[in-house]
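TrEMBL has this to say about the protein:
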DOMAIN    A:4-127  domain 'RNase III'
BINDING   A:GLU40, A:ASP113, A:GLU116  Mg(2+) binding site
ACT_SITE  A:ASP44  active site
ACT_SITE  A:GLU116  active site
DOMAIN    A:154-223  domain 'DRBM'
2 protein chains.
Amino acid sequence: MNDYVNLEKCLDYQFKNKDLIVEALTHKSFKKPYNNERLEFLGDAVLNLIVGEYLYKKFPQSNEGDLSKIRASLVNETGFTKLANEIKLGDYIYLSIAEERNKGRTKASILSDAFESIMGAIYLESGLETLKPIILTLLEKSYDKINLDVLFSDYKTALQEITQAEFGSIPDYKIEGSYGPDHKKEFEVSIWINNQCYGQAIGKSKKLAQQAVAKIALDKLKG
Amino acid sequence: MNDYVNLEKCLDYQFKNKDLIVEALTHKSFKKPYNNERLEFLGDAVLNLIVGEYLYKKFPQSNEGDLSKIRASLVNETGFTKLANEIKLGDYIYLSIAEERNKGRTKASILSDAFESIMGAIYLESGLETLKPIILTLLEKSYDKINLDVLFSDYKTALQEITQAEFGSIPDYKIEGSYGPDHKKEFEVSIWINNQCYGQAIGKSKKLAQQAVAKIALDKLKG
């Protein structure tokens, strides 16, 4: 009998070494001679690489700083908890009774750690090339939910704080046009601060274009 | 003609895509449309994984916290500069004249970044399994120089600071014995604070045993 059939279906992957998977699912509260912390250490590094490489290839024009920023917005407790929930990982974690009562099964820290551990375990038994499509499928699936708005959410806010301090006003975003068929429309947005244009950008939504142009203005103002 | 013959010999690796290697060797001061910062982003992640996995397997008894600590002592500017010097990477970096005059070729930050970039480039063109032995060979070669003394150097110091504050005395290390043939000798050391024994440990040198036992005492005192 295999207790992990549904998890394996969600991952489209069959575990080879069940002991390793049990270790990956064992929270330290469960008081076994093993727990998932060492595999989490490994999983953290492998996820960092896979997501880093994915972004490196997806955004060939982005510099190192932007890539790091985008990665940091995906590779963190919140991001991994989303991915853990996508595969219902909470159902499989071994917890102490106390932690169970304490709603441990839905805690972000526990879910995120178990997600890293299980990915570390798959890496260990099957290697990077097997793990990559598993992660990228999950990431692409969650991408509409995480999406680029969230990834770039800090640019507009950061810019507004600066213009308020420096000019006593907030930036003005103008839609300059939209292009392409309805299902693939792109928007061009310009940004104005104190009646002066600081740049234009095109994005797959108005919000994305605004974020992109906010970054341009931010870079200009910073020097 | 191949300008990188000696570098390739040091790495025991032949570059496939010369453009990529040039990019990896180009410091941003060189003012080209490309530089090595994006490859550095990738290299950083892949080095973190390779060293992490190496330590995970080398120290099967170490917990996540210790593994992170040991890795942090290897995966940093100083560590990568050592490895960069091992392959004489400084000779190959493309720099601006100003940076050249400024002794950029021997700067730790520039060497370390170029090391990460070149490893990122090898990963990109040949994959993880090709890169692993290259890194591990370099690491093992530099290990006698970096060695575990350095990795653990903070335990003795950290402990001494605590015992001075708490007991007004410094720890006393006693050699309890040595075992094994001369070329493979191990030392057993005990640690005494205020005439009380806080633990024993065995190590491949007296220093290593002292560091190990200092960690034991440190853990006891802390909790």
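Cβ atoms here come from the backbone N, Cα and C positions, even for glycine.
Proximity to chain B (CB-CB distance below 8 Å) holds for A:GLU40 among the binding-site residues A:GLU40, A:ASP113, A:GLU116.
The number of other CB atoms found within 10 A of the CB of A:GLU116 (Mg(2+) binding site), across every protein chain shown, is 28. A 10 Å cutoff on Cβ-Cβ distances gives A:ASP113 (Mg(2+) binding site) a total of 27 other Cβ atoms nearby, all chains included. Report note: the Mg(2+) site is defined by A:GLU40, A:ASP113, A:GLU116, and the residues of the same chain whose CB lies within 8 Å of the CB centroid of those residues, excluding them, are A:ASN36, A:GLU37, A:LEU39, A:PHE41, A:GLY43, A:ASP44, A:PHE80, A:SER112, A:ALA114, A:PHE115, A:SER117, A:GLY120.
This prediction places the mean pLDDT of the domain 'RNase III' (A:4-127) at 94.
If you draw a 10 Å sphere around the CB of A:ASP44 (active site), it holds 24 other CB atoms from the protein chains shown.
For the pair A:GLU116 (Mg(2+) binding site) and A:ASP44 (active site), the C-alpha distance works out to 6 angstrom. When other Cβ atoms within 10 Å of the Cβ of A:GLU40 (Mg(2+) binding site) are tallied across all protein chains shown, the result is 22. When DSSP labels each residue, the domain 'DRBM' (A:154-223) comes out as 34 helix, 24 strand, 12 coil, counted as helix, strand and coil in that order. Here the C-alpha separation of A:ASP44 (active site) and A:ASP113 (Mg(2+) binding site) works out to 9 Å.
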